[in-house]
Amino acid sequence: MSQLTEIVEQALAAIEGTEDLKALDELRVDYLGKKGKITDMMKMMGKLSPAEKPAFGQAVNQAKQAVQKQLSERIDNLKAKELEAQLVAESIDVSLPGRRIDNGGLHPVTRTIERIETFFGELGFSVKEGPEIEDDFHNFDALNISEHHPARADHDTFYFNPKVMLRTQTSGVQIRTMENEKPPLRIISPGRVYRNDYDQTHTPMFHQVEGLLVAENVNFAELKGILHDFLRNFFEEDLEVRFRPSYFPFTEPSAEVDVMGKNGKWLEVLGCGMVHPNVLRSVGIDPEKYSGFAFGMGVERLSMLRYGVNDLRSFFENDLRFLKQFK
């Protein structure tokens, strides 16, 4: 028994003096492992009389429990010290000023296009896209634009050759849709268009959204109602809107749409009209059976009016001071 007591005292003293978790595990193996010192004491059972065995066995088990308890407490203590040291080393000074997180934001032109798509999507219009390099049939001929119309001039259009050009409007998407799909049709076609112009209110590339509805018994009153609701929704105001007679080769009758600005002056925002019968014929649609209306708007112009931007070129200069205002 004295030998067992001595082994337990050695184990407890060694555990208490250990400052390393790895060393503690080695002590556990030395005393409690399969070949450990306390485990070896059980081998002495064979030398004891039957009367001595119960008391000795109980003493060995108590020794194991005492050493195991001391080991567990020491391990917990050392782990707590390690955590405390780690927290001190990794402490955060909450009094330091925060660092700004620069989140991205949508470009104002993208915001405007999404707003337009959302409104017309709720009315059942689908979004269609088409090529930006266009042929003269889809860009001019099918739209009832005559060979000598000013829009075909070199100073207005970027030509690759006399038959191929950068599109000047997204109307070509409408022509392609009418060629491939049968009425009734209800589409909008957002996209980039190109014209040879550059000043405070014009850029060589800009964005346009055009709309088309073709079905039976379509009339101008429907067009007025939809555009009136759109403008009020887009500007989030009960705007005064007027339709002013105008001329476009691809619509008849045609109109330009103005809204009353805060300065008391009328501002032009889009063009529209009933689809010209010649346009319907060019894509194989019978104008005696079907009619339709079309409209087109410059996205940058609408963005300028909505956000109070004075120079259209600001949208393309990538000035972060300007763009961060729209986050």
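The backbone N, Cα and C atoms fix where each Cβ goes, and this holds for glycine too.
Quick look at what Swiss-Prot lists:
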type	residues	note
BINDING	Glu252	Mg(2+) binding site
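Same-chain residues at least 6 positions away in sequence with a Cβ under 8 Å from that of Glu252 (Mg(2+) binding site) are, in sequence order, Gly273, Met274, His276, Pro277. According to its DSSP assignment, Glu252 (Mg(2+) binding site) is in a strand.
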